[in-house]
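Scroll down for the structure; my scribbles are underneath it.
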Ligand SMILES: NC(=O)c1ccc[n+]([C@@H]2O[C@H](COP(=O)([O-])OP(=O)(O)OC[C@H]3O[C@@H](n4cnc5c(N)ncnc54)[C@H](OP(=O)(O)O)[C@@H]3O)[C@@H](O)[C@H]2O)c1
């Protein structure tokens with residue numbers, strides 16, 4: 001049996017469980033979760049029909065693939081605890097822990113070779129995320145494909161070299177917050193022009209969702225799509241001019257750069 005294990009049974013593990021089960025990649029009888037809270041174990045058992053307990057080394061001994069889904073600050077302790085079992089059993093480890101590079105994972109696990117690192121983002125919680133994946137140099141290609149199959153149940157997957165993971169954090173990791181800030185500003189703009197907040201929110205969310213979908217489904221670049229809705233001397237070009245005057249494009253680029261720098265600082269790079 002190809003058992004999948006999750007160390008940490010929080011939000012990200014649950015999203016993977018939900019998406020993986022719905023997509024048929026995971027089967028309840030082949031999933032084990034190790035997480036400390038008794039209530040949480042009970043909830044996961046009842047909701048998804050999986051095995052849940054708190055024994056990290058046992059989980060490593062019993063699974064072929066182990067997803068590390070704990071908070072960064074507890075990961076070092078967990079690695080120490082499972083090192084012996086990892087060295088003996090050698091499952092594939094997939095880490096979603098932000099800011100924890102493959103080299104540190106490998107060292108923490110006593111030199112194991114099968115390691116994949118993934119940077120998902122928050123919309124993964126509603127199966128609309130985008131995840132960047134990379135593998136350690138000595139990790140077999142099929143391990144990366146196995147991880148890709150699971151994470152594609154959470155949305156898009158993109159292969160990115162680990163050296164660019166801080167940039168991924170700056171763009172898609174922190175990006176949802178930039179989009180929320182943009183939506184908030186759209187709503188305030190609508191309210192200022194007399195729309196009720198409720199109507200302005202529906203219009204703003206629908207616009208952002210629809211524009212992103214239009215781009216994805218037509219495969220057109222943003223320049224072509226902008227041209228489609230910008231008639232000469234019209235309303236949209238007047239709005240775009242106001243954004244350009246206030247440095248919108250540069251401000252968003254700077255946001256990505258600032259978050260990338262901060263991710264680099266936090267991961268000790
Ligand atoms: N959520 C996101 O959108 C997102 C996006 C990108 C990356 N990530 C990464 O995903 C990881 C998990 O994030 P999350 O949002 O799922 O956090 P979370 O909801 O807090 O989940 C962490 C889980 O780990 C459990 N845990 C704590 N100590 C443990 C131990 N020693 N052994 C096993 N399990 C332990 C916690 O249990 P208790 O609550 O009982 O302590 C909790 O269930 C983080 O490293 C984060 O960087 C998350």
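Using the three backbone atoms N, Cα and C, a Cβ is placed for every residue, glycine included.
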Inset, instruction - Write down the one residue from 35, 122 that TrEMBL lists together with 7, 8, 9, 10, 11, 12, 69, 70, 71, 72 as binding NADP(+). - result: 35
Legend entry - Among 7, 8, 9, 10, 11, 12, 35, 69, 70, 71, 72, the record's NADP(+) binders - longest CA distance, Å: 15
Inset, instruction - Whole-number Å only: compute the distance from the Cα of residue 35 (NADP(+) binding site) to the Cα of residue 56 (NADPH binding site). - result: 8
Legend entry - binding-site residues near residue 56 (NADPH binding site) (Cα-Cα within 10 Å), from 7, 70, 72: 7
Inset, instruction - Count up the helix, strand and coil residues in the domain 'Pyrroline-5-carboxylate reductase dimerisation' (162-266) according to DSSP, in that order. - result: 89 helix, 0 strand, 16 coil
